[in-house]
Amino acid sequence: MPASKAKSLSSMFRAAIKTKAKAKAKAIAIAKASNSNSTTTIVKDRTLKHFVSSIDPSAISRALTEESLKLLSASSSLSPPLLPEEEEEEEEENPSLQEFEPDFVLFGSNVEDESPVSDSEDSTSLDAAGVLGLTTRNVLSNKIAFVLNADALESSPDHEGIVGEMSLERELDVPWFPSLSQHSISLRRKEVVRERKQKWVFKSTQVGRFNKLVKMCAAKVGPNNAFDVFGKLGRETGVKEYNALIKVCIEKARSTADEDVALEQIHRAFRFFKSMKENGFQLEEETYGPFLSYLIEMAMVEEFFFFCEVITDANPGSVSKLGYYEMLLWIKVNNEEKIQELCDYIISEEGESKSSLQENFLLALCEGDRDEELLQLLEIVDITKLSSVDLVKVIFKALGKLKLEALAEKFLLALKAQDSGAENFTNFLYNYAVGNPNLAVEDVILTFKNLHAKLDVTPSRGSYEKLIKYCCDLHKVHVALDLIEELCKGDLPVSTEAINHLLFACGLSYNFNLVHRVYSLICDHDLKPNAETFRIMISLCVRMKDMEGAYSMLRDLEKWKLAPTANMYNAIMAGYFREKNNYGALMVLKQMEESNVKPDSKTLSYLISNCESEEDINKYCEQLKESGNQVTKDIFMALINAYASCGQLEKAKQVVSAEWVPANYLNDVKSVLVQALASHGKFSDALNVYEEIKQAGCSLEPKAIISLIEYYNADGGSSTLLQLLENLDDSEYWVDGCCRVILYCVRYKDLSTAVDLLKQLKDRICVDDELPLEAFLDEVFCLIGDLEPSHLQMGLDLLRVIKDDLGLTPPRKCLDFLLHACANAKDLVNAQLIWKEYEAADLPHNILNFLRMYQVFLAAGDRKAAKILLTKLPKDDPHVNGLS
């Protein structure tokens with residue numbers, strides 16, 4: 001930033017300080033007004049969700065009639081509220097790590113026919129649908145769709161009475177769960193809240209759910225019209241709505257390659273900023289931050305400063321924070337002159353503006369890895385006067401990366417003298433220790449301990465647990481367990497969360513056997529496990545097939561005053577099913593009954609998925625209906641797999657075509673259908689479902705694409721497989737799919753495609769780690785060795801590609817399989833070429849090589865050469881002694 005701009009920035013900041021009090025008072029007034037409507041937010045969010053699902057985008061411009069407003073207002077007030085006790089329970093039971101699942105399933109969300117399922121339907125209809133009782137119709141969505149379609153309302157006399165209030169009440173009399181009372185609905189929702197604790201992932205907050213809702217609305221009607229939708233539903237547009245819509249603009253701009261489309265989205269975001277200002281909302285960082293980050297990512301310098309002026313005009317107090325984004329911009333475009341100008345400005349300026357800008361520049365330099373400029377500013381920084389503890393942590397992490405221990409100690413001594421708080425201080429030491437990403441975990445721990453000893457500080461439990469989590473994230477579970485033992489020996493309490501982190505990491509790193517050591521630690525030191533702790537430990541025992549150990553932990557629950565849960569039994573049941581031990585799995589169900597533990601949706605999905613007859617499927621579906629459990633995505637998937645296993649592929653298809661499958665489950669359920677059809681020989685049907693998913697604008701799950709590639713055996717060229725491969729975005733799945741396509745090309749002698757994919761595969765796999773590629777090449781040449789002799793030339797061509805095009809040394813196994821192929825083809829000339837390749841690759845000939853070459857000589861009728869070769873073999877080998 002030039003000097004004139006720097007002075008302008010400083011003056012803008014000073015002006016912002018003067019107006020800060022007024023802006024704060026205004027923001028408080030707006031917040032109070034917004035909070036007055038907060039009690040109805042959840043109710044209206046649910047109404048909006050059903051409303052959006054039925055919108056016809058082509059009719060949106062004609063949708064806002066007076067009668068429409070009446071209907072929408074009525075529907076908003078009649079939506080079932082989320083009970084207050086549910087909100088409290090959800091807050092109280094909120095663990096640190098959870099899995100998000102929908103609050104409830106609304107059956108028939110896409111149904112237009114209002115008649116129940118007839119018992120006399122065709123024999124090919126889905127029997128489970130009648131058993132489950134899934135006959136509810138979402139009439140409200142259809143009526144709103146009719147209201148929005150102004151042409152239909154005007155032209156069709158049959159629809160004249162729809163918009164009347166009495167008619168609407170009659171339509172809304174259809175209950176969402178026809179077989180349940182309102183009390184049962186409440187119990188079901190509470191059960192769903194508890195089921196969210198099945199996995200250890202972070203909970204999706206209400207803000208996240210609302211953002212999904214707004215995104216769906218904007219996709220249907222466009223971001224601009226979404227405002228009208230909110231208004232017609234009686235929901236005032238507030239900061240949360242603006243932020244969600246601006247986020248939609250950012251996502252659309254980022255996802256397009258069309259510059260005009262991106263500029264259109266930027267213009268829309270500008271209109272939202274302008275609208276916020278006109279409606280009295282102050283532009284805070286949560287609003288403008290993601291948008292400026294997008295402009296920085298796209299290196300849009302002019303647009304960035306244009307929006308900075310807009311933001312400053314609406315919120316003068318944002319000037320110092322904009323300095324952070326400006327520094328990131330210059331770092332992104334690599335403008336060394338501008339970066340240095342900003343640093344010089346901070347060094348030369350004084351006053352309050354300097355302090356605030358200084359902190360923001362420091363944060364940006366740390367995030368942008370600008371080490372030289374960071375050290376310049378650290379020379380003039382008083383670490384004790386920084387207002388943000390988080391910034392101090394970032395600085396220490398940067399010092400750790402740069403290995404500046406002397407400077408770190410200087411800052412630490414200053415903070416210690418000022419008494420910055422024991423917990424904060426030891427956390428600063430932790431951040432320095434983990435700052436260097438190239439440091440081994442053992443060295444990180446040593447640095448952590450040495451700094452504490454040098455500064456005469458006792459590590460806090462919090463910093464220790466952060467170190468434990470750091471080790472777990474890197475799957476260094478043995479080191480993490482040693483740290484927990486140190487805490488126990490030092491009489492420091494170990495949190496349940498730390499134990500669960502360790503157990504979860506043991507599962508991810510396949511260190512299942514450590515569960516016994518962890519359990520001994522819990523028992524010996526009287527730690528406080530919870531139900532989730534036992535669930536993970538039981539699961540780890542099951543995964544190493546220690547069923548007795550799993551049952552032993554179930555029996556020990558009483559010692560800790562814990563009750564067994566369905567999830568614990570589910571882990572054991574899943575283990576039995578994996579081992580094809582259906583009797584053991586059914587015994588688990590009996591034990592659940594004896595322990596008075598009710599089967600949940602996961603239990604019944606396991607049972608349905610492993611049914612051997614339609615009678616069993618119907619039996620468990622009936623049990624699901626009677627239990628009142630939620631019909632989850634797993635149930636639909638289990639039905640598909642069960643029908644496919646019973647040979648009823650048509651009924652498996654009907655699970656997806658059934659109109660009671662919720663829209664948010666449909667893509668995942670269809671993906672499972674694709675897998676089931678492909679694996680049961682119905683590849684063309686699977687491909688048709690895949691095309692339907694693509695035409696609907698959705699994407700197939702990676703596992704389903706892998707199944708299509710795996711079971712594609714037609715000799716029709718590789719074009720279909722290459723199209724499937726293009727739809728794999730995940731790198732791990734792409735590598736798997738690519739390997740499968742290459743094997744197909746080898747089988748059908750498509751050399752050019754195989755070579756092209758091998759080059760791509762080499763680029764995708766880490767350059768420093770050739771082991772995965774070498775293992776795959778072994779698999780390729782193993783296939784060539786097992787195929788007909790006519791595939792030998794394909795192998796020889798691939799060998800040339802590996803050497804000349806990929807620049808790799810052929811692995812021993814590749815040459816072994818090629819020599820085996822030469823023996824099968826009785827090709828002495830090529831066998832002698834392969835024999836020389838061992839010498840070129842500096843690979844000594846082993847006994848198997850001699851035996852293969854001996855077979856080639858005999859097959860070619862050259863007995864003299866075979867006898868000479870025998871004289872070179874070691875006589876003490878039993879395989880050689882068998883030759884004569």
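The backbone N, Cα and C atoms fix where each Cβ goes, glycine too.
The compositional bias 'Acidic residues' annotation in TrEMBL covers 84-94.
According to TrEMBL, the domain 'PROP1-like PPR' annotation covers 463-632. Looking just at the domain 'PROP1-like PPR' (463-632), the mean pLDDT is 94.
Residues or ranges marked as region 'Disordered' by TrEMBL: 75-99.
Per TrEMBL, the feature repeat 'PPR' maps to 530-564 (among others).
Feature annotation from TrEMBL assigns repeat 'PPR' to 565-599 (among others). Long-range contacts of the repeat 'PPR' (565-599) within the same chain: residues 198, 531, 534-535, 538-539, 542-543, 545, 547, 550-551, 554, 606-607, 609-610, 612, 623, 627, 629, each at least 6 residues beyond the stretch ends and with a Cβ under 8 Å from a Cβ of the stretch.
Here the repeat 'PPR' (530-564) has, by DSSP, the following mix of helix, strand and coil residues: 27 helix, 0 strand, 8 coil.
Mapped onto DSSP helix, strand and coil, the repeat 'PPR' (565-599) counts 26 helix, 0 strand, 9 coil.
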